[in-house]
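Undergrad: There's a structure below that I have some questions on.
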Amino acid sequence: MTEPGTAVGAVAERATAGFRQWYGAEPAGRWAAPGRANLIGEHTDYNDGYVLPFALPLRTVVAAAAQDGERWTVWSELADSPVEFGAAEADQAGRVSGWAAYVAGVVWALRAAGHRVPGARLAIASDVPVGSGLSSSAAVEAATLAALVDLGGLDLAADRRPRLAQRAENDYVGAPTGIMDQSAVIRCRAGHALFLDCRTESVEHIPFDLDAAGLAVLVIDSRAPHRHADGEYAARRKSCERAAELLGVRALRDVSPADLDAALTRLDDEEMRRRVRHVVTEDQRVLDTVALLRAGRIRDIGPLLTASHASMRDDFEITVPEIDTAVEAALATGAYGARMTGGGFGGCVLALVEASSADAVARAVVEAYAERGFAAPGTVTVAPTAGAARLD
Ligand code: ADP
Ligand code: MG
């Protein structure tokens, strides 16, 4: 029932086949970038706090070759036919819309940073589910960026790439996201999670070798319709920013767990108090998770994952019935811990399980969904992989 993360071979072949079909030529190379899941640290990014994502064995592959002139032609499996744009469209944020904007945005961000971007033809295939909170958008940006940098021989160090890809999404596409997604899909290492300080943007690779420990993360795509996700995200963000202002700190990251009770007494609004409590305790849970992983105690992070979920459900109020059902069913079937991952109001749940019990946990979740009349969830078992790279 659970699909192990698919080999990169099949998706790379689809990208190549698309390239041949639409452009009648062979690609010069193929570049892949993974989707990501955030192990813990939700809604902490825009509070200058900590996150701990890892790269998934689900990949987006771009097959590409340079073409003459400042023209970019891009096709994706998701689309009927290629989209073409030139420098004029690439230089004005928003001129290319729809899915191709994620590619045009990367061209735009590179050009805005002064790079001579080669004209190119690109074909995109992907195993990253779209819109499930596993960052299919950052995967497209990162694979495109890797392709254009290599094709043009551009000088762009790995640690500067996440910011550039983020700019493509924030300023060209117009989607407000933090730096986590692009950092994860570009900088993650196999067998590790990426500990990212969203204030300083410093990263550390934390051992998270599930395979070696006989463990797996079961990712459950809730398939819940995203209900008012954009408006709710904006409201949470505003509430956190207002709270920081009232507390006289630059961001909620600056409230320590020891100061939390005193800080809460200074806020009149009960809802705002709960929002603050989530962010402050969630930052601490990230730090506690990192400490346990450093000590090689992977199974022991389970209760932190589950506590994170309770905090998102009760204090931050961003879960939905499908998500809570998946978490409860996973825990009842022996998962060490389970939580929603991503911004909320849908998206995915991850559960830390013995690799040998992943199928049983997945079955239990599917049954719990059926009992409540929810549309069937998707399930996949994963272990941490590496970030964006050239395949050949
Ligand atoms: P996610 O959580 O998957 O990142 P987003 O809404 O941020 O969700 O991004 C999804 C969008 O990214 C899609 O609607 C599409 O425009 C673009 N995208 C993602 N994957 C692909 C792909 N393989 N080909 C073309 N566009 C893609
Ligand atoms: Mg996205």
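Just so you know, glycine gets a Cβ as well, placed from its N, Cα and C.
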Undergrad: Among TYR102, TYR172, TYR233, find me the residue TrEMBL lists at the same substrate site as GLU42, HIS43, THR44, ASP45.
TA: TYR233
Undergrad: Averaged over the domain 'GHMP kinase C-terminal' (291-370), what pLDDT does the prediction give?
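TA: It averages 98.
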Undergrad: Show me the subset of ARG36, GLU42, HIS43, THR44, ASP45, GLU169 whose Cα is within 10 Å of SER136 (ATP binding site); these are the recorded positions I mean.
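TA: Within 10 Å of SER136 (ATP binding site): ARG36.
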Undergrad: Which recorded positions, if any, among GLU169, ASP181, TYR233 have a Cβ under 6 Å from ligand 1, given in order along the chain?
TA: none
Undergrad: Counting across all protein chains shown, how many other Cβ atoms sit within 10 Å of the Cβ of SER136 (ATP binding site)?
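TA: Other Cβ atoms found within 10 Å: 25.
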Undergrad: Among ASP45, SER76, GLY133, SER135, SER137, the binding-site residues in the record, which have a C-beta under 6 A from ligand 2?
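TA: SER135, SER137, in sequence order.
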Undergrad: Between C-alpha atoms, which of these recorded positions comes nearest to GLU169 (Mg(2+) binding site): ARG36, GLU42, HIS43, SER137, ASP181?
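TA: Of all the candidates listed, SER137 is nearest in space.
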